[in-house]
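All remarks here apply to the structure that follows.
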Amino acid sequence: MERIRGNKALKFINKLSVDHEPGLTSAQLMLANEDLKPVEPERRQWGAWNFVGFWIADSFNINTWMISSASIINGLSWWESWITVWVGYSIAACFICATGRIGATYHISFPVVSRASFGIWGSLWPVFNRAAMACIWYGVQSWIGGTCVYLMIRSIWNSWNTIPNTMEGSGTNTRDFVSFFLFWFCSLPAIWFPVHKIRHLFTVKAYFVPVAGVAFFIWAIVRAHGIGPIVKQRGTLTGSAHAWEVIKGIMSSIANFATLVVNDPDFARFARKPRDAFWSQLFTIPIGFAITSFIGIIVSSSSTVIYGQPIWSPLDLLTRFLDEGGSGQRFGVFIIATAFALAQLGTNIAANSVSAGTDMTALLPKYLNIRRGGYICALVGLVMCPWNLLSTTNNFTTYLSAYSVFLSSIAGVIICDYYWVRKGYLQTRDLYSAKRDGPYFYTFGVHWRGYAAYISGILINVVGFAGAVGNSVPAGATYIYNLNFFCGFIVSATMYYILCRFFPIPATSDTWLEVGDDVRNLSVAYDNSDSYEEPVTTQQFAKDAEVMDLESGDTMKGDF
């Protein structure tokens, strides 16, 4: 009887396993499934305009709307604060394109990319690190989305604002919890669709949400009979205080993108060709986010005329509009709140659920794919009770934002490894190999050089990080932390390059050599090597080039 029960349990567990290539060893089942393998040509459906729509859609969110507020409150003029947004997001776009090219060239996701830098098993910590943060952020962003739903419902039924509270002592009330749950529940269908098809959500968002934002912009100016006093006031800072505030504004924009910097290969791997993920992202990111920030500045400036004080949160301003009453006001608030809810949904999918789903796929490939990982992320976002986290401490969101900056150390290692150490050369099939003699197995599957560089990038920021979440630290640490992303990135990248120079690693190239297109429908099973076209080595490439020169009598030129 016990044996029968054991067999039934085993059959049930086997039914839970996801699709994977037959013939994989037990170790490979911890490294590969269909969602982790390189994207085959049939699913490479993201063109340049899909990336444009993706970033236009992502740029319109509440965080970006308010990103200039801190700098203006701290003493910068509106145009100085706006310039910091332009500069910050332009720099962030460069980092995005740098990591995105890896995914677009080899069609692999962040968890697989990180195996080259941190080792086959060593990559699990950076992956887990990012997955945990994505789950927490999913809950926080869903709670904000719930506020949008509250405004939508109240626009139709104003009595929603005064429904009885049956959740005393829970940290929230019935009205806010139901609004949050509705947003959370309505987000679930979006997680179902494969990543290469979810681009249609961002296309719809790219058309609807910016139009609603411009309508909000015009509505606020008309009500205020002008653009308000914020655009006329001068900055109040001078000297070094002024310079440091400018730097903090730039770093705030970059820090807002820290997760997406390492996340971009998860989407870029679906690009038809690397160029589709380059120019479209390089220009759309700073333009889209700067325009959203500008709208936020002007609307907040107009609110000063209407209510006697600047209201930086668009949701708070919409609540004020509802308090005034009137059918026209309610209709306008409903449309704009719907746009913000869609904006939160798109941002949550792009930055959190897809990221967490992809990461969880790498943590347990035999039983998890991106879809299942996304639903686990959503479940964690619900059961973590985000209202308690946001209400118990004012430093919680500061902690989340500051903690994400430490992803710069991961980005530093990965970018240095790909561009300066390997010069674009990856042996794709070996990224799924658990063989001890594999080029990415290193020491017990962990790349100690990558970890040494990663920890170095963290250490330079760790004291300033403690200060960012409310502890007393020396002024020097604060100044270093004001340059947090750059410090973490530069230190980790430099340390990694030096270590790899003194302790060389395998599978590198002496010249620029990207061979991503040599791999089509990749088989990673050890006994199926016939279906895999081995990339040329640097030595073989040089030999073939020499033969071609001798046969043609010409000198081969080009950037390889």
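Glycine is treated like the rest: Cβ placed from N, Cα and C.
According to TrEMBL, the protein has these features:
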TRANSMEM  82-102  transmembrane segment
TRANSMEM  135-157  transmembrane segment
TRANSMEM  177-195  transmembrane segment
TRANSMEM  202-222  transmembrane segment
TRANSMEM  283-311  transmembrane segment
TRANSMEM  331-351  transmembrane segment
TRANSMEM  372-390  transmembrane segment
TRANSMEM  402-421  transmembrane segment
TRANSMEM  451-473  transmembrane segment
TRANSMEM  479-499  transmembrane segment
Relative to the transmembrane segment (372-390), the stretch among 82-102, 135-157, 202-222, 283-311 with the most Cβ pairs under 8 Å is 135-157
Lying 6 or more residues past either end of the transmembrane segment (402-421) yet within Cβ distance under 8 Å of it, the residues of that chain are 95, 98-99, 102, 113-114, 116-118, 126, 129-130, 133, 255, 258-259, 261-262, 450, 453-458, 461, 465, 468-469, 484-494, 496-497, 500, 505, 508
- Query: Does the transmembrane segment (82-102) come near the transmembrane segment (283-311), with 3+ Cβ pairs under 8 Å (pairs 6 or more apart)?
  - Reply: yes
